[in-house]
Amino acid sequence: VLQSSNSLKASYEDWLLTYGLSISPFHMRWQTALLNRQFYSWGRWKPRFLYLWFSVGMVFGIVAMFGSVILLGKTLMQTLTQMLTEAPKAQNDRMLQVVVSVLSSGLYWRVPGVNLPVSQLTYFFSAILISGVIHEVGHGVAAIREQVRFNGFGIFIFIVYPGAFVDLFTTHLQLISPVQQLRIFCAGVWHNFVLGVASLMVLLLLPAILFPFYYTGVGALVTEVAEDSPANGPRGLFVGDLVTNLQDCPVYRVEDWNSCLGDISEKSQVGYCLSAATLQQLSFPARVYRRLDGTVECCSNSSLTDICFSYSNNLDSHLHACLPARKVIEASKVCRTNMDCQKDSVPSFCVIPSLENQTRLIRVKHPPHIDMLYVGHPMHLQYTVSLSSFVPRQNFLSIDLPVVIERFCKYLISLSGALAVINAVPCFALDGQWILNSFLEATLSSLIIEKQKRELVGFLILLAGSALLAANVALGLWLVTAR
């Protein structure tokens, strides 16, 4: 039985070796030489151009190495200050966001299922894989350009995170000059930077690229309304609706929607001009009482159509009336004080909804449908309604395609940029380790003659860089789990 088991194990290992597979706990990788001819074709294409390309990449990589240390230092200080003041900022305000992933693929503060929506996992993992592949293609092509033997290309999965790698002949790497080594080691972060810039250009030029099929600047198109959204209902928003106004704030694109909601949230509730005659006609007696937060309520809690409004006249500045919200708002202009309503000879008042703190009454225009009246926190509306600035010119065109392209570009910019920054850090096992060693050999060999002393300087710098990165990762993970 033991002999049979050993034979089966040997056969399995031979099968894995034949197909270039390697499987271990939490890690699986595949390597092939099938793409070697393509890599050699790329590496020998226009040698002069590639020399300039990777020389620029070398300069960028060296600058990125120093810049990444400064960035991580600022991020660490910002995080520590945030912890000490106990006033956490919004997650998007942090300078660097990372998820613990494979070291060769970078580190990012995004944890699937924790602070990354499950619906966006496809974008996340695709962007990681593409960023990793472009990164390694840079190393491979640069190595061939510098006459280093290329053994193969591969893809791996560490736990759930995908990545890529290239297999180079180490002896050749050690024989070439430090400057040549720098071109190879800096090529990965350089290609990630270029990928991020290219994605940013596509994102910025997307309206022009999609112009034959989609037009912009006419409103924000609703692409999804969450089931638990307060905007969901017979008089709410539907997929395909075009939002043109929030209160008196015009909406031409998604950015306007977010900006308007931000302004509405920060400013006090607006009121609506209502004539004295209409006010007397619509109001009815109601018991006035104060809520726990000090605001006033004068309508029945069971009412779905009436809202308590406050207003003032010449005699009393604390009057309240329970009024049907839609009748008050429709065909009314917004106001802040009674003076905003005194343009006509008809006596009018500025009636302001008396709502709980942070709660707002928002009129959402989405013609030709009847206006949606939303009562709640403005951010709840922002989080549960997805919109696009692109409106299809033809009915058969997908309303989701521009959203997919936009979101994917944003993930590529974020993850490819993070991969460039993190890999440039002078830290053990990252590209920054080899960039630093080659940089010290190229610059200090005439100043520090003994190689052992140069290696000691490099080791101390790598130790400090590793500690800096580890501190950022530890505090970042603590912030994520603490939330």
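The chain as shown is numbered from 1 upward.
Cβ atoms here come from the backbone N, Cα and C positions, even for glycine.
Summarising the annotation, TrEMBL assigns transmembrane segment to 50-73 (among others).
Here TrEMBL flags 123-143 (among others) as transmembrane segment.
Per TrEMBL, domain 'Peptidase M50' is recorded for 123-463. Computed over the domain 'Peptidase M50' (123-463), the whole-number mean pLDDT of the model equals 91.
If you look up TrEMBL, you'll see 150-169 (among others) marked as transmembrane segment.
Residues or ranges marked as transmembrane segment in TrEMBL: 189-211 (among others).
Sequence annotations record features per position, and here TrEMBL assigns transmembrane segment to 456-480 (among others).
Among the stretches 123-143, 150-169, 189-211, the one making the largest number of Cβ pairs under 8 Å with the transmembrane segment (50-73) is 189-211. At the 8 Å Cβ threshold, with sequence separation of at least 6, the transmembrane segment (150-169) lacks contact with the transmembrane segment (189-211), having fewer than 3 such pairs. Beyond the transmembrane segment (189-211), the same-chain residues lying 6 or more positions past its ends with a Cβ under 8 Å from any Cβ of the stretch are 54, 56-58, 60-61, 64, 130-131, 134-135, 137-138, 389-390, 402, 405-406, 409-410, 412-413, 416-417, 419-421, 423-424, 431.
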